[in-house]
Structure formats: C-alpha cells, structure tokens
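Take a look at the structure set out below.
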Amino acid sequence: MLTKFETKSNRVKGLSFHSKRPWILASLHSGVIQLWDYRMGTLIDRFDEHDGPVRGVHFHKSQPLFVSGGDDYKIKVWNYKLHRCLFTLLGHLDYIRTVQFHHEYPWIVSASDDQTIRIWNWQSRTCISVLTGHNHYVMCASFHPKEDLVVSASLDQTVRVWDIGALRKKTVSPADDILRLSQMNTDFFGGVDAVVKYVLEGHDRGVNWASFHPTLPLIVSGADDRQVKIWRMNDTKAWEVDTLRGHMNNVSCVLFHAKQDIIVSNSEDKSIRVWDATKRTGLQTFRREHDRFWILAAHPEMNLLAAGHDSGMIVFKLERERPAFSVSGDSVFYVKDRFLRVFEYSTQKDTQLIPIRRPGSSSLNQGPRTLSYSPTENAVLVCSDTDGGSYELYVVPRDSYGRGDMVQESKRGVGAAAVFVARNRFAVLEKSSNNVLVKNLKNEILKKSLLPIATDAIFYAGTGNLLCRAEDRVVIFDLQQRVVLGDLQTSFVRYAVWSQDMESVALLSKHSIVIADKKLVHRCTLHETIRVKSGAWDDNGVFIYTTLTHIKYCLPNGDSGIIKTLDVPVYVTKIYGNTIFCLDRDGKNRPIIIDSTEYILSYPAEKNMIRL
C-alpha cells in the first residue's frame, strides 16, 4: 500500500472522492463533515449542521454539490462553493446509512434503518419512490453506473437488486399531474415504479455492503458472516459465483476497483484485503493496530482508494504508476504493458522491442520499478520488488527493433537495486550484507565491495562510480579505488538526475530538490508542498522538474518558478530546446511545448552563470 494522505479525527463513517479536484469528503461519527485536499494535505472546510453521526456522504459528479445523511434522520444537500446547506430532505424514520447521487438524473438514493430505500429528486426536493421489502436495517444502497438498477444490502441477510426503469420513464419528463399522484401514492403504498428484480440469499448473517461492478454484470457483497461474496446477474436471474474467505470479523465495506481486476474489502478485524477478482484469491492484506475499518471509497477516474477507520482515514494507492525508464542519447527505453519499448526523440518514433517476463508472484506492485541501459552493449537491466528485490538482464538483439515479439532469454538475480556502471559491468546492491557486487553480462560476480554507509538504494554516478543512498545522506563511491568521492546530508532521496556533462546532479526527494556538483558539494535546495515527481536538465543548465500539478524550473542559484500547469501527473524524460518530453502514467510519450526564454531572460544576471 502506498499511503498518499492520512488524517487523524473521530471515527470516519462515510467517504467520497471529488471526480475532478483533489478533494475527499469524510463524514464523522461526531457529526462533522470534513472536506480535505489530499494533495496538499489541508482541511479546506468543515460542515457541522447534523445532529449526531453522519454515516453517508457523496459528491455530485458535475455540480458543486454534495449530499449527506445522518442519525438525525435528515438528508442534507450542500453547496460547497456557498459553504452552506441548501435544503434538508425529510421522510426517513430512522438512521440514514448511505446516500448517493445518480450519475445522470437529479436523483439521490438513500438507505435507512427504517428498512426502506428512498429515491429523491433533489431539484424538486421531493421523495419520488420508497423501496420496501427488506425486513431489517438497510445498510447501503447505490445506483448502477449505467442501467436502471439499484443494489441494496440489509441485516436481513439479503442483497436486493431493484429495477427502477418505470421510475425513470415516469419522472424524467413527467406530466405534472402524474408526478403529483405518484408522490401521494409513494408514501402510502411504496409505489410500483421500483420493483425487486432479484433477492440474493447466501450470507449467514447481516449484509453490510453490496456494490455493482463498473462495467460487468457482477455484484460484490460483504457481511457479518466475515465473508465476501461475488454474484453474477443476467436479464432473468442472479446467482452466487464465489466466496472470498479471510476476514476475521464483520466485513464493513467491499468494492470492485475501477481500473484493475481486483476487489478491495475492509473489516472490523482492522484490515483491508485485496483480492484477485478473476482467480478469486487473496493478493494482499494491510492491517492497523488499533483501528477497525468502516468504509471504502474508490476514485472515479484515478487509481486512488480511501478507507475510513476508528481514528481517521487514509488515501492510498495499491501500485506505483510511474513507468520504469532510462534515457540514452536520442532515445528513452521504457516498459509498457510487459514490453520493453524505445522512443526516439528526433523522429518521435515508438518501437516495441522485446517482451518482459511477468513476475511469478501474484501480489501487487511487482512490476518494473527501475531501468538501466548500456548503449554499447544494447543491454537493459529491469529491476522490480519481486522476491524482495530482483533484476532481469536482457541483451536486446539489434535486429529485433520493430519486431517486438522475439522472446529474449534473460539473466536473473536477486538484489535491492542494479545499475550499469560501465559498458559491460553492472552493480547489484546486496542489502543484507551492505555489499555491492560488480557483475559482467554473463551475470558472473567479478568483485565484491563493502559500502561506506548503510545503503538501501544505488544510482549511477558516472563510469565506475555509484551514488549510494542512506536514510539521511548520499555518498559517491568509487568502485575501483573503494573510496568516497563526495558526501552530502539530505532528506530521503528517491531519484538522482545527472546533467548531460555529469557536472551537476539533482537529488529528488518527496518534497524537496537538492542541486549539487559532481563531488556532492551543495549548491541549492528547493522545497515543494506538492510532491516532486521527476526532472531533467536543459541545454542551459536549468533543471526542469514536475510536481503532481506543475512543470517548474530551477536556476543554478535556486530561483524557481512555474512553467506550466498540469492536468495529470507526467514524468519528464528529456528536454529538447523548447520541447519537454514526458511519459504519462499510461506509458505514452508526450511532447509539451514551452517558452524557455521566459525563465532564462527573467534572470539576466543568471545568464552568465547558466552559460558557464
């Protein structure tokens, strides 16, 4: 799990991601609703009109609205731009468990301990349907992402799927008198505009959660019997497909991941579990020491998840999204969809080279993490976290360019990191003994050296040299002489980016950049509130870097500024004049045109330094 943001608060019962902005709503057991910016890590606003716990909260997809439902039997619709509640919907006779906006119609669905589900029109501010049939608390209800269906889960041990097609036909463009009649009838008779399509029976205890798959005809449910069940449906029936066992207490919430073929569940057993939705096996378990989990939310567009627990919430990712790449001259070598590819900057030609071996283990986050390339030998080292850290060495035949289907036998080895240090030599970090092994292309050990500091990562630092990283410092180590050439105290370095002449290095941490010379003599430090993601040097000795939200520059004296705002995070690979080449999270090469004269001319005194 890659934790992106964490809060400490009262118990979190409801969560909702904003579809466009880096915001998340958290509704608390104390009655407060918090609006957080998870990129900046700041509390933007708080709303506290509910009396008692707020269990349900949901952002509208396109309007500046969110809806909340609480133990005060009230549903409130809020405008976050106006910082206030617009109106309250009354009708439920007991605690409200969940609330959700429809993705298209002006509807809200709510689930309550009064054993009903209600559908409301938030524009006319009326209840348009009451779904009755459950005979215990209804713990959750949600609309299908595409069809006229609602799924609900109840402590009566059932999951129900409701057909609301008649309601859509009647109320999306109704005649006024029909609307009035339907509203009169719903409160008395429950209406016939929403009918039970399926009742899913199989859980032995109360069901706490059920949710639809975003695209497939599947439902996943979690219950007090500690089980997660997968159900399939067609036009006429629905049936149980499989049961996922592993939780040691009530399953609070469960959902399908929006982008990957996985199921995520959490429980009062203080764990989040990740399951393979196809193989139906457990992939990973994350535990907290003291906090029971209550709620999960998935970002509608991005690979982000959030989980609410007894003392706050976490926003997290299951896998890294940064593509592994290595720049060499006019080309960048990178891994995409289990293939090694090469992109030529001058021609903007993209070529598939060879398939990369799949990791043997079934757990997440085992894909390629770093890549190192030797141009003379046309050899590539692909490192991943598989088996606690391992590498694959491929020598790419020159005639395989453009074919991309030649299965190339690789040499494998174990190590926390591996990088080329000479034409046909590479270094492998043996973390347990704090040694570095120098190997040849046959994967044979030529030399073994004890490192001068407790090293957990190594980077290239010129022929025969390594940049060794410890928790709070980096050193340059000469492998031949076995001496330290430079030493610098710095916050935890994630990436090292050398200038083309190898005279300068940028050391990238999560929230800072340190610029130093080749002997690690400090030049300047930049601090960023938003995470630093990547960087490259331009021809003038200016360091261009990206955060999650911006492309920025850093001049040799430490002055910095914004070049461009980003919609999505990108990773800078190379700067050619006024073109910044980047890789995005889908592994696409994107040229971004900028005006470099702006930042060079804005510092005339700097220009002389830059040219040096």
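Residue 1 is the first one shown; counting continues down the chain.
Glycine is no exception: its Cβ is also placed from the backbone N, Cα and C atoms.
Bear in mind that TrEMBL entries carry predicted annotations, made automatically and left uncurated.
When pLDDT is averaged over the repeat 'WD' (47-88), the result is 97. Feature annotation from TrEMBL assigns repeat 'WD' to 47-88 (among others).
Feature annotation from TrEMBL assigns repeat 'WD' to 89-130 (among others). Residues 14, 53, 55-61, 65, 67-71, 73-77, 136-143, 145, 150, 152, 154, 162, 164, 167-168, 171-172, 179, 182-183, 186-187, 190-191, 193-194 of the same chain, all 6+ positions outside the repeat 'WD' (89-130), place their C-beta atoms under 8 angstroms from a C-beta of that stretch.
TrEMBL lists 131-164 (among others) with the feature repeat 'WD'. Counting residues of the repeat 'WD' (131-164) by DSSP class, helix then strand then coil, yields 0 helix, 20 strand, 14 coil.
Applying DSSP to the repeat 'WD' (200-241) sorts its residues as follows: 0 helix, 25 strand, 17 coil. What TrEMBL lists as repeat 'WD' is 200-241 (among others).
Taken from TrEMBL, the feature repeat 'WD' covers 244-285 (among others). Note on the repeat 'WD' (244-285): DSSP counts are 0 helix, 25 strand, 17 coil.
Residues annotated as domain 'COPA/B second beta-propeller' in TrEMBL: 340-584.
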